Amino acid sequence: MGMSSLKLLKYILFSFNLFFWFCGCCILGFGIYLLIHNNFGVLFHKLPSLTLGNVLIIVGIIIMVVAFMGCTGSIKENKCLLMSFFALLLIILLAEVTLAILLFMYEQKLSVYVAEGLTDSIHHYYSDNSTKMAWDSIQSFLQCCGVNGTSDWTNKPPASCPSKAETKGCYMKAKLWFHSNFLYIGIITICICVIQVLGMSFALTLNCQIDKTSQVLGL
């Protein structure tokens, strides 16, 4: 019974992590594609490294490393790798919870900082091609213009702005989109946390099962 439980747990954890390793590969590949083609550019001029491509590359690498550790640890029944996998998932989960708390506590300050950063980047629209691409992508996607409206553009609004008479600013449009999809964002966030907790549980259970099997076999 012990050996069958060990094999079942081993292959469940392996399959679980293999799936997420492939997801990490896809995210990494998409991030590299965006970085090469520079489709979204730089939106915050003070943070030139904060681009969608860079964020996806970092997330993809983290997922791949953690999932690879889980795959290798489970299939080889390596306790050191399993506990490292558990520790990494725990650190990521704690970081996510801490980030969520900080975002909730400093929501107003963050909103002001984002609005100021967006207003500053508008002034670099015509001088920086990367910023121009970022604004054109956002204005086309959200069907908005400027930070608070067309009045943010000192010259004629760019072609990426909608031609409607009353067009909302991108900052307000983004906030409205976030609030209207808050339930779905919350569900996705909870699902991610549940998956992480399940991964940690499987890793601990498999680790304990390896110990029990070793004792039974007298290893």
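Glycine is no exception: its Cβ is also placed from the backbone N, Cα and C atoms.
Automated prediction, rather than curation, is the source of TrEMBL annotations.
TrEMBL has this to say about the protein:
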DISULFID  Cys144-Cys170  disulfide bond
DISULFID  Cys145-Cys161  disulfide bond
TRANSMEM  12-36  transmembrane segment
TRANSMEM  48-69  transmembrane segment
TRANSMEM  81-106  transmembrane segment
TRANSMEM  182-206  transmembrane segment
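Spacing of Cys161 (disulfide bond) relative to Cys144 (disulfide bond) is 6 Å (Cα to Cα, whole number). Rounded to the nearest whole angstrom, the C-alpha distance between Cys145 (disulfide bond) and Cys170 (disulfide bond) is 6. Close to Cys144 (disulfide bond) in the fold, though at least 6 residues off in sequence, lie Ile138, Cys161, Pro162, Thr167, Lys168, Gly169, Cys170, Met172, Lys173, Ala174, each with a CB less than 8 Å from its CB. Contact between the transmembrane segment (182-206) and the transmembrane segment (48-69) is absent: fewer than three CB pairs lie under 8 Å, with pairs separated by 6 or more positions in sequence. When the disulfide-bonded residues Cys145, Cys161, Cys170 are compared by the number of other C-beta atoms lying within 10 angstroms of their own C-beta, Cys161 comes out lowest.
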